[in-house]
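So that you can see what the record holds, here are the features copied from Swiss-Prot:
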SIGNAL    1-18  signal peptide
LIPID     Cys19  S-diacylglycerol cysteine
LIPID     Cys19  N-palmitoyl cysteine
ACT_SITE  Ser160  active site, nucleophile
SITE      Gly205  site 'Transition state stabilizer'
SITE      Asn255  site 'Transition state stabilizer'
ACT_SITE  Asp333  active site, charge relay system
ACT_SITE  His335  active site, charge relay system
Amino acid sequence: MKLLFPILLLTGSYFLSACNNTQSLMSSTHTIAASDPHIQVMGRTHINDDASLTFGYPGVSLSTIVAGSRLTAEMQSSNGNSWIDVIIDNHPPTSIKLDAQQQTVELFHFPNSGEHRVEIIHRSENWHGQVTLKQLTLTGTQFLPAPVLPQRKILVLGDSVTCGEAIDRVAGEDKNTRWWNARESYGMLTAKALDAQVQLVCWGGRGLIRSWNGKTDDANLPDFYQFTLGDTGQAPQWDHHRYQPDLIISAIGTNDFSPGIPDRATYINTYTRFVRTLLDNHPQATIVLTEGAILNGDKKAALVSYIGETRQQLHSNRVFYASSSHHPGDNSDAHPTKDQHAAMARELTPQLRQIMDW
């Protein structure tokens with residue numbers, strides 16, 4: 001009986017110590033660089049010397065799974081005009097505008113620790129600014145193995161429509177970068193329907209041979225296809241071995257035809273050379289050419305004809321055509337609306353299923 005009190009005291013001390021250790025473990029912090037393998041990346045990114053990631057194309061997505069109560073990200077936008085969507089456990093997204101200076105973005109904060117899946121999606125496009133993700137910091141137990149991407153791979157090449165411009169338009173509001181929403185674009189919706197990962201490589205206002213205003217000295221599709229981000233001679237060049245798509249969709253031509261129907265031979269010869277580059281760089285890929293959603297009437301008919309002759313010149317059983325209906329936007333903006341993007345995906349998906357036998 002004399003030993004009972006010391007034993008109980010020792011036992012109580014043990015449980016108190018264990019409880020404190022558990023609380024300490026649950027409240028500890030863990031920081032990983034953006035290029036850490038616990039973060040799954042979809043889209044073109046540039047790995048910097050400090051292991052951070054910089055990206056500019058829309059739809060770039062970074063996802064991770066963690067056990068903890070709070071997760072933050074150190075991020076910035078070079079121009080302060082970029083937006084991201086943050087999705088926690090498949091709940092509706094939260095849209096966040098990034099500053100030009102590095103900021104701490106709180107991705108989630110819960111009273112209790114638990115397992116959570118987190119996804120960051122770049123809503124904006126290159127000319128809004130390049131986004132840098134430096135690191136993630138977790139309050140909790142650990143970063144778990146990263147989510148696995150679908151095996152099928154799609155590359156979508158295009159202009160502002162592919163970038164998701166004006167999907168989130170607001171009637172009566174001056175147009176701003178909040179209106180872009182790559183997540184709801186036809187390309188990402190189509191990839192989701194086909195159970196595929198996707199890269200959007202697109203630039204608003206650009207075309208195959210000229211921009212919307214007729215300029216020919218901008219970086220148009222054959223140029224910016226080669227970039228990781230940016231559109232100047234100093235832009236990091238993309239290593240095509242990093243991503244070998246099964247399917248490439250080229251939806252270009254709206255801006256080429258905006259000033260008028262371009263010279264037939266110039267357009268077809270340029271498109272033929274570019275598609276040959278795609279065939280060489282991606283020897284296992286099927287390539288689908290489409291006219292996009294904005295053109296109508298004579299311009300649409302001319303572009304469809306140019307695409308047909310491009311295919312004839314290539315003589316390749318890997319190059320196909322997919323048709324697109326006219327989706328004219330609304331009174332707020334000529335770009336397709338959110339509902340029209342969904343309709344575009346519904347139109348495109350069965351054509352691609354048949355071509356790919358998916």
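Every residue gets a Cβ built from N, Cα and C, even glycine.
The structure, with features from Swiss-Prot marked on it.
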residue	record	DSSP (3 states)
Ser160	active site, nucleophile	helix
Gly205	site 'Transition state stabilizer'	coil
Asn255	site 'Transition state stabilizer'	helix
Asp333	active site, charge relay system	coil
Sorry to bug you, but what's the C-alpha spacing from the residue listed as 'active site, nucleophile' to Asp333 (active site, charge relay system), rounded to the closest Å?
12
Considering only the recorded positions Ser160, Asn255, His335, which fall within 10 Å of Gly205 (site 'Transition state stabilizer') when distances are taken between Cα atoms?
Ser160, Asn255
To the nearest whole angstrom, what is the C-alpha distance linking Ser160 (active site, nucleophile) and His335 (active site, charge relay system)?
8
All-chain count of other Cβ atoms within 10 Å of Asn255 (site 'Transition state stabilizer'):
27
Could you state the CA-to-CA distance between Asn255 (site 'Transition state stabilizer') and His335 (active site, charge relay system) to the nearest Å?
12
Long-range neighbours only, meaning 6 or more apart in sequence with Cβ under 8 Å: which ones does His335 (active site, charge relay system) have?
Ser160, Val161, Glu165, Ala166, Ile167, Ile294, Gly329
Within 10 angstroms of the C-beta of the residue listed as 'active site, nucleophile', what count of other C-beta atoms is obtained when all protein chains are considered?
23
